[in-house]
Amino acid sequence: MGPSAPLLLFFLLSWPGSLQGQQHHLVEYMERRLAALEERLAQCQDQSSRHAAELRDFKNKMLPLLEVAEKERETLRTEADSISGRVDRLEREVDYLETQNPALPCVELDEKVTGGPGTKGKGRRNEKYDMVTDCSYTISQVRSMKILKRFGGSAGLWTKDPLGPAEKIYVLDGTQNDTAFVFPRLRDFTLTMAARKASRIRVPFPWVGTGQLVYGGFLYYARRPPGGAGGGGELENTLQLIKFHLANRTVVDSSVFPAERLIPPYGLTVDTYIDLAADEEGLWAVYATREDDRHLCLAKLDPQTLDTEQQWDTPCPRENAEAAFVICGTLYVVYNTRPASRARIQCSFDASGTLTPERAALSYFPRRYGAHASLRYNPRERQLYAWDDGYQIVYKLEMKKKEEEV
């Protein structure tokens, strides 16, 4: 053996003892870790037990409170149902009283109503209108209403074309705007994001008020002529009628409305100066002038040329009027109060003379307390399309035959 043999022998003899020492330390380390884990698990179990006990206590405390809240909710629901029933009964009683004791129609005799033809403006004035159709209906009552949605601002107009596609909806938001929304169907208009489904039509001149009309594929509206809004001179109180082709998106005709010193016809809708309307007979315009600032005027227009064919001074007051529409040649004026209350048709004027104002029925709008910014009659559907503080509403009308004047 060499000199290193004893050292190697010593190393081999001492090696098993070193391994045994390492294993012993490892076992002790594992035991300490397991003991720590067991202690933590015990703490978690204690905390879980404590939380479970707290939850049980909280549940036991809340159950009686929930029972009391449920009883109070049932009591409130019963009271609400009772109040709703009482309100319904009161409304029926009010409707009955209004039917039994109607307010007198707004009729004021005036020399201009019964006098001869006027000398101002185009067309004949205050002459009996000769009906071009056999339409002989008048409103019996505003039967029902349906609120479609809320779209746009407090003032605007929504309508259909009575001579165009039956489903297409036109929406003109605001009293001074130049963009109209067109919806292919009513269902598209009622969607939450309706504006994304609409096509937009921009007119070359902004409209004034909410007196626009869609009729026969054209948009008829009033605008201030150049220099008309505060410009002085003859154009100070005049308006220009525009006939806009919706398909071609071009102005096909325009005409200065033949009435001087125009004022808003409706005392409660001060942004509208000319309110255009369509019925079974054609195109009409409702307006007022300073010459008689107490009453409304009515004009029959030629939809082709925008010429004024006839004009009438009506007995319907401007005060508290908010909107109007025409059915079978008869103007119906809607009145309200400020603050807004229940709207009512309280004055009518039949251009043909068949229906006298005294015989016209006073009709209240059903269960709606608001202010109409516009009303559009659709002769094809016999419905009114209303704009009430941004809400779009449809009113169904019940008709009856006109009584012949004796």
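In case you wondered, yes, glycine gets a Cβ from its N, Cα and C as well.
Bond annotation: of Cys135, Cys297, Cys347, only Cys135 is listed by Swiss-Prot as forming a disulfide with Cys328. Here the CA atom of Asn248 (N-linked glycosylation site) lies 33 Å from the CA atom of Cys135 (disulfide bond).
In the structure as shown, the Cβ atom of Cys135 (disulfide bond) sits within 10 Å of 17 other Cβ atoms. The secondary structure of Asn248 (N-linked glycosylation site), as reduced to three states from DSSP, is coil rather than helix or strand. Rounded to a whole number, the distance between the Cα atoms of Asn248 (N-linked glycosylation site) and Cys328 (disulfide bond) is 31 Å.
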